[in-house]
Amino acid sequence: MRPLVATIDLAAIRHNYALAKRCAPGRQAFAVVKANAYGHGVREVVAALGEVADGFAVACLEEAAEVRAVLPHGRLLLLEGCFATDELPEAARLGLDLVVQDAAQLDALLATPLAQPLNVWLKLDSGMHRLGLGADAVRQAFARLRQAPQVGELNLLSHFACADERGHALTEQQVEQFLALLDLEFDQRSLANSAAVLTIPAAHMDWLRPGIMLYGATPFAELSAAELGLRPAMSLTAQLIAVREVAAGESVGYGASWVAARPSRIGTVSCGYADGYPRHAPSGTPVLIHGTRVPLAGRVSMDMLSVDLSDLPQAQVGDAVELWGAQLAVDEVAQAAGTIGYELLTQVTARVPRRYRG
Ligand SMILES: *Cc1c(COP(=O)(O)O)cnc(C)c1O
């Protein structure tokens, strides 16, 4: 069997969910499990949190159906609403909380008789300008939906563009936009993603929407997951499958982009970009062997990557290699590769087996 596995620590995910809740006492929280629970396996994560989470959130109907298969009851929020009118009956059948983010979704909802009323979350575009209605349109939608038979709770939701940059001026404007609508009697309000859960109490409202923090990665560039008290949920572990000596002046890997500056000991690791390891990670990006960081050497290939073991003479074939995880933060690897932890976690491909503990 190929020595590469993503070990998922479900106890860490429960710990991180509890931490989100402790940030905002008395509030409820949708655990965001879109994109296969950020790559961690949606079924297992939902099963692990099913007893403790107040609700879950997903990006589309297909993901909602997967969650419902594990969790027949409980609140399940469809973050972007339905993409077409013909999805509404299925949304009703699944008993979803439904975002309504534009006029077309609003008209479709009002024109479609449903088997049961749904909790509706009107989405305000408070400044991100990706999805959502403007403030006036929210007011008009509120009036039209208040008495509609399709609507159970009528709620307000918005999303931050810059909550991960502490003190960003846009965040304050977005909170103000949101607060300015609260003369309308919404049943529930939701504004906070992980970054806001962790650092913006004024945005906590009634329902939190933590995503990345559940998986033990940080939404911030300047604040590590460890500093936030988060526990990493995924450890991506491969093996040294070959070791060789390379003379000074010899190159390693595709494009011969890495050239040994000294006689070097090069290890070959059983993980590549077809597993989701970022191909653009430059030489020098750390991997962990025997608890020690060693640098990537040369280009990442499809199934393998190379590391410079010259300063770790005890490393040998068969040794475990942590690409990221419990001892090497995914955020550190992401930063080296010019991306964010979110991308690395969600890009671990299906050929990497997930093992669960906790
Ligand atoms: C993905 C998503 C979240 C979770 O964001 P994190 O930064 O991962 O906490 C919250 N709300 C909406 C609307 C989202 O799309």
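Counting begins at 1 with the first residue displayed.
The backbone N, Cα and C atoms fix where each Cβ goes, and this holds for glycine too.
Pulled from TrEMBL, these are the features on record:
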ACT_SITE  Lys34  active site, proton acceptor
ACT_SITE  Tyr254  active site, proton acceptor
BINDING   Arg130, Met302  substrate binding site
DOMAIN    233-357  domain 'Alanine racemase C-terminal'
MOD_RES   Lys34  N6-(pyridoxal phosphate)lysine
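This view paints the features noted in TrEMBL onto the structure.
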residue : record                       : contacts (Cβ under 8 Å, 6+ apart)
Lys34   : active site, proton acceptor : Ala57, Val58, Ala59, Cys60, Glu63, Leu79, Gly211
Arg130  : substrate binding site       : His159, Ala161
Tyr254  : active site, proton acceptor : Gly298, Arg299, Ser301
Met302  : substrate binding site       : Gly272, Tyr273, Ala274
(message) From the DSSP assignment alone, can you count helix, strand and coil residues within the domain 'Alanine racemase C-terminal' (233-357)?
(response) 19 helix, 45 strand, 61 coil
